[in-house]
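This report refers to the structure that appears directly beneath it.
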Amino acid sequence: MAFSGSQAPYLSPAVPFSGTIQGGLQDGFQITVNGAVLSSSGTRFAVDFQTGFSGNDIAFHFNPRFEDGGYVVCNTRQKGRWGPEERKMHMPFQKGMPFDLCFLVQSSDFKVMVNGSLFVQYFHRVPFHRVDTISVNGSVQLSYISFQNPRTVPVQPAFSTVPFSQPVCFPPRPRGRRQKPPSVRPANPAPITQTVIHTVQSASGQMFSQTPAIPPMMYPHPAYPMPFITTIPGGLYPSKSIILSGTVLPSAQRFHINLCSGSHIAFHMNPRFDENAVVRNTQINNSWGSEERSLPRKMPFVRGQSFSVWILCEAHCLKVAVDGQHVFEYYHRLRNLPTINKLEVGGDIQLTHVQT
């Protein structure tokens, strides 16, 4: 089955985890597994690229072991039988510490990056295009598993249902005429060009757009300088996603995520631990609009804990999920979406992954 776009991520999946890789693996495909090694007594974890869910046919078994000084086993399993092990006598992971693990599929091998550095190459023993499932088990906690297909090209809209390990439950839009949010700045929206759109099924049955035609930019650095500033390729448009993961500092007071259009801040998201609030706003010509603070539940960020933020752009608003749970919508006050092409992150956090 042809795969025409980047698959939506699995957010905060419980371990052990098995999930479908839509369309199977392809040359140039990139999978990022972001999480942390547990500091418990467990001594191993594994990431498996396999056919189906039985575990009898594993094209690539990546198995860090905190034993005998630490090493990583790579192997292949065919019809329930393991092949010869390949061992890397070096341990790039630490117990109790976060990691960013990236697998790049190439015609001859898997290339594995750990925290931004090439760790190992594993030459294919079976055809990689048979792989349609990723599994993770052992002594780890996951923030997300994301997918990138750099060969994405614009095609006629395709639709599919993407499973979430934790459903992102975005509320349905109210029927009838939508009320304008405060301080709406009128502007002419730019025409929407041909886009690959996949739909994601939420637990409550609503559908919302995901997977842009423009491949996302991914920055798999072990740590980011703060403040962190980068471009958003193509700007915002309906179905565009931005994903950030990191850890809140133990003594954090505030941090912010800004989506900018020139000198304007189209979207300002500002978790404030001193006020137990997540403030949202827009700044136009150095003048702030009215704040939005309402949340459906308690503050979604916790000092000293990791987090994953998913910002999904729709025609009328941004939908924001934290750790797989929808927390709010923010109606556009600057409506020329393609001009919103810069991401700024600052404050009391450590970033571990950014995808624009």
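Backbone N, Cα and C define each Cβ position, glycine as well.
Now, the feature entries from Swiss-Prot:
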DOMAIN    17-148  domain 'Galectin 1'
BINDING   Trp82, Gly83, Pro84, Glu85, Glu86, Arg87, Lys88  beta-D-galactoside 1 binding site
REGION    170-190  region 'Disordered'
DOMAIN    228-356  domain 'Galectin 2'
BINDING   Trp288, Gly289, Ser290, Glu291, Glu292, Arg293, Ser294  beta-D-galactoside 2 binding site
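Sequence features annotated in Swiss-Prot and their locations in the structure.
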residue : record                            : DSSP (3 states)
Trp82   : beta-D-galactoside 1 binding site : strand
Arg87   : beta-D-galactoside 1 binding site : strand
Gly289  : beta-D-galactoside 2 binding site : coil
Ser294  : beta-D-galactoside 2 binding site : coil
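In this structure the alpha carbons, written CA, of Pro84 (beta-D-galactoside 1 binding site) and Ser294 (beta-D-galactoside 2 binding site) are 56 Å apart. Take the Cα of Lys88 (beta-D-galactoside 1 binding site) and measure to each of the binding-site residues Gly289, Ser290, Glu291, Ser294: the nearest one is Ser294. Between the C-alpha atoms of Trp288 (beta-D-galactoside 2 binding site) and Arg87 (beta-D-galactoside 1 binding site), the distance comes to 56 Å. Residues near Arg293 (beta-D-galactoside 2 binding site) in space but far in sequence (CB under 8 A, at least 6 apart, same chain), listed by position: Ala277, Val278, Val279, Arg280. Under 8 Å, Cβ to Cβ, and six or more positions away along its own chain, Glu85 (beta-D-galactoside 1 binding site) finds Val73, Cys74, Asn75. For Glu291 (beta-D-galactoside 2 binding site), applying a Cβ distance below 8 Å and a minimum sequence separation of six or more within one chain yields Val279, Arg280, Asn281. Per Cα geometry, Ser294 is the residue among the binding-site residues Gly289, Glu292, Ser294 nearest to Trp82 (beta-D-galactoside 1 binding site). If you measure from the Cα atom of Gly83 (beta-D-galactoside 1 binding site) to that of Ser290 (beta-D-galactoside 2 binding site), you get 62 Å. Highest Cβ count within 10 Å among the binding-site residues Gly83, Pro84, Gly289: Gly289. Taking the Cα atom of each, Arg87 (beta-D-galactoside 1 binding site) and Gly289 (beta-D-galactoside 2 binding site) are about 57 angstrom apart. The sparsest Cβ neighbourhood within 10 Å, among the listed binding-site residues (Arg87, Lys88), is found at Arg87. Rounded to a whole number, the C-alpha distance linking Glu86 (beta-D-galactoside 1 binding site) with Ser294 (beta-D-galactoside 2 binding site) is 53 angstrom.
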